[in-house]
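Below is one structure, written out as structure tokens, with a few remarks after it.
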Amino acid sequence: MRIEKDKELMNILKIMAPGTPLREGLENILRAKTGGLLILGDSDQILKLVDGGFKINSEYSPSYVYELAKMDGSIVLSSDLKKILCANAQLIPDSSIPTFETGTRHRTADRVAKQTGAIVIAISQRRNIITVYKGGIKYVLRDSSIILARANQALQTLEKYVAVLDRVVNNLNILEFKDIATLFDVLTAIQRSEMVMRIVSEIERYICELGNEGRLIDMQLSELIKSVEEDGILLIRDYCRSNMEYEDIYKQIQGLSSEELLNLDGLSKIIGYTGVPLVDTLISPRGYRMINKIPRIPSNVIENLVANFNQLKCVMEASYEQLDNVEGIGEARAKAIKNGLRRLREQIMLDKV
């Protein structure tokens, strides 16, 4: 449910991640210091900009691309990256398209990308860097060792943030079972959950850019976060005003800047509490998050429970007969819910000690 802000960039990075045939060809050109200009796409709009060159129309191969890059012109690849269409071609984009690039190769790449929306790759001969353009996007591909170092640093930061989130959530769990949770406790948990998810998004981009070299980072990330996002969403469902859509609230929180996220009063307004003291306002959870922790309770049953009892404390105080009357809950499931909540409470109180 995260907003996919960099979806297009992530798709580009997947195509040219280390281990892919395209990246291998680009690395070969980079090592040879010949420079190069490649355009990915075979639409009529792209082919109209191609002037001269040789029609190749052969299977794509990293070694072929490397050899063809020794010539001055650009290389045109099919959009599925399976064929090399032509080489040593000149690209003639609209010269009125604004560009802030310097150097003929990069100016051409930027203009072609803006005009056609295709992926254009410029490899600098002197600076020895690979720059990718698509529409208004410009991205410089970095060496895997640099990305790996940054990913490891981000993982270390994530570990610390997850540890803080765990402490905040464990404290909230205790307060929820005692029914003395304050708005401050709830907002702190929501805030910390979003902070963790922002670091996760950054690491996911590194993993995408690392390709097959990012497997270990991916495994470590999966181990660290587990159900952080799901719990964060359930927190919002537990405490937002009943007339508000939790999905819209979650999107709003994702759209906050780092400074805005630190402002708990601003977060309070987003979940529907305006002008109330955060520390003194007691609020009760609906129970989505806690009941979700009980094994083998379907989501539709949780919805029915919350609709019937409105608050977690009412679910806990309900008799077996009252639970049995809820649609989707029989005698066995009523016992499972009562026993599950009791065990959860005992476990949380033990963890406190």
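Even glycines carry a Cβ here, placed using N, Cα and C.
Bear in mind that the values here come from a model prediction, so they are computed numbers and not experimental data.
Feature annotations, courtesy of Swiss-Prot:
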DOMAIN    6-144  domain 'DAC'
BINDING   Gly73, Leu91, Thr104, Arg105, His106, Arg107, Thr108  ATP binding site
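For the recorded site, Leu91 (ATP binding site), the DSSP three-state label reads strand. When the binding-site residues Arg105, His106, Arg107 are compared by the number of other CB atoms within 10 angstroms of each CB, Arg107 has the fewest. Under DSSP, the residues of the domain 'DAC' (6-144) split into helix, strand and coil as follows: 46 helix, 41 strand, 52 coil. For Leu91 (ATP binding site), the count of additional Cβ atoms within 10 Å of its Cβ stands at 22 [all protein chains shown].
Around Thr108 (ATP binding site), the same-chain residues at least 6 positions away in sequence with a Cβ under 8 Å from its Cβ are Leu37, Ser74, Leu91, Pro93, Ala122. Largest Cα-to-Cα span within the ATP-binding set Gly73, Leu91, Thr104, Arg105, His106, Arg107, Thr108: 14 Å. Just so you know, of the binding-site residues Gly73, Thr104, the Cβ with the fewest other Cβ atoms around it within 10 Å is the one at Thr104.
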